[in-house]
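Note sheet for the following structure.
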């Protein structure tokens, strides 16, 4: 294999060049200037602590916040420098990993390997090009970021020199204790240019050190994580190669002894290299953990404290403009936090990819020793690799069963009928695109009305406006799920249209007892699903109709002179005229201005009903499909477990052979069905991903608003109203979380069915197959959202905590 790592070599040399700029690398060759830099960084940390102790009582709010920010920044810089010198040996481990060559099969050029070889080279080149590009972009971004720190004081000094600005307006970014004057407030303010310039130069040098150390940290992360990621991709390619290797027989089905020996030696060599490669990956992950262990500790500490400071200032700072500034500063910090976490997430994703590649390996046609090796690799890959810190505080062609079609087909047709009403499925029409723009407009106009009228609204109007905004966000999520991600709906319909797995035994058996039992079970389960969807449709129709009942009866009472028009309030804020936003919900002075908005809001509520019904129906149908497939799998396991064991030395060898053939066929079908279940679960994960995001956000904010209004609203009748509204919302939250819980419960049912299988009386090859299926089922299926949420009952408790946190924020801001 040609020189691997040749593309990424430039980034590796850049890393070494930055390390040498610190004069602390290699550790044995640390210069006097490097040791001075190390001492200087320690001094910056200590002098900030000293100034805080001495001057805290005389500082104002701004100075105290700035001092804490400086202290946290100095602590982060000290962690960066300590990672290089003097205590740890992490940098050489990282560089050694980048210098390591990727694993190469010894037989790459020995038999029909040229195509495989070229494919590996193309993969390595493509991945290394992405890595180099990412490192270069990161360097530019960090240079711009740290240069921005000193631009304001640099321009301030220039303006002072040309007499356009006083020196008191020149503020340095950090606190540097050189005299009593410089710590009178934080950041320091100076009375003369002679006392300012030395501190300006020192802080510029300090920011330069921060830039170098931060580039070193992130470049190390990118290069090492990318190296392990490529190694796992190469392992998956090697596994694909093994899938294609078979011990072939001649036309009569007999094996030539010489060919058999040659083919088996070839297979042994491939499997041996695969095992060595797997061991190498685990060793590299271990090295990766050891090289990044302290980086996680100080990185997480810095980001946590910085985020807490920003949240505190956002709530407590007396100046409104400063609060806006801190809110804006939270955005890049959150992006940094996401990017920092993504390094470890990439390793976990690649580890999961390796685990799935092993689980999906077609082991049935391979020799027993290959299956035995595969089991060991699967057990070792069951725990996804993670980047964790010290003491684990942080972590970074199948036969089908005919269904009794009829009722379930009606539900599927109903779903498509509702989908076509949106004019966004299967292809978006002009009217469908107009609907999409209309929903976007309703959200934007609510934001505009809030920004224009917030200060003039009373408590009721503000609460109603926020409810409208959150409702618009949920509706926008529903419509985006159809317009931007129509593939998810198509996959869901394909799952419902697909037939359940059937075994050869079900189709060919003279006694159809098990087959009829499964057919009856499918029919009963599908009838429950149909009943649930029909009930859901009626409940949602009543719920959304109720939105417009009050204004409808209000208009009727106005027409018969029993109520004034000012008492007719619409449910949402719709910016139709300046009059319509005088309060929220809008109040109108004439029927001519009210009716157009009433018609538009009625149409908007109907679109909400259609979108919500589609969302929940897709969830119910897909979850029910997978759940039923797992139940059928468990029934097949029970059927196999009741099979009598056959004796290899039986007197009637023909009967024994036929029995064994049927048994092998049943086990093969069981393996194929097991694989099908996991493919369906992966499809459900993709279907649920986006709707979990907008659904969780909508439900959390809505719950927090109801709790807030329940506690803070001055009117006791309104507080009772909000208290009653919490009951259906909590019911919706429980139902929403239950979809994923059903998948987890069914996965656990499948796992227990495999564990309780009476394997003792079965042949060795059945036990071997069972062990592989059990290993694959050990990790319960779940529906995650970027590993932040999981759609199960735990999701309910997390959303309740988030709602309470948001309630506290509303409470602080309002008071």
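Residue numbers in this text run from 1 along the chain shown.
Quick reminder: no glycine exception, Cβ is built from N, Cα and C everywhere.
Quick look at what TrEMBL lists:
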- 140-162: transmembrane segment (TRANSMEM)
- 196-217: transmembrane segment (TRANSMEM)
- 292-312: transmembrane segment (TRANSMEM)
- 324-343: transmembrane segment (TRANSMEM)
- 541-560: transmembrane segment (TRANSMEM)
- 603-628: transmembrane segment (TRANSMEM)
- 688-710: transmembrane segment (TRANSMEM)
- 722-742: transmembrane segment (TRANSMEM)
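Long-range contacts of the transmembrane segment (603-628) within the same chain, counting only residues at least 6 positions beyond its ends with a Cβ under 8 Å from a Cβ of the stretch, are 411-412, 414-415, 418-419, 421-422, 435, 438-439, 442, 471, 475, 478-479, 481-482, 488-489, 492, 495-496, 498, 500, 522, 525-526, 529, 532-533, 536-537, 540-541, 544, 547-548, 571-572, 677, 680-681, 683-684, 687-688, 691, 695, 739, 742-743, 746. Sequence-distant neighbours of the transmembrane segment (324-343) (same chain, 6+ residues past either end, Cβ-Cβ under 8 Å): 221-222, 225, 299, 303, 306-307, 310-311, 313-314, 317, 387, 396. Each of 292-312, 541-560, 688-710 was scored by its Cβ pairs under 8 Å to the transmembrane segment (722-742), and the highest score goes to 688-710. Using a Cβ-Cβ cut-off under 8 Å and counting only residues 6 or more beyond its ends in the same chain, the transmembrane segment (541-560) has close neighbours at 567-571, 591, 594-595, 598, 601-602, 605-606, 608-609, 612, 728. Within the chain, the transmembrane segment (688-710) has long-range Cβ neighbours (under 8 A, six or more residues past its boundaries) at 463, 466-467, 470-471, 473-474, 476-478, 480-481, 485, 488, 615, 619, 718-719, 722-723, 725-726, 729-730, 732-733, 736, 739-740, 783, 785, 789, 791, 795, 799-800, 802-804, 806-807, 810-811, 814.
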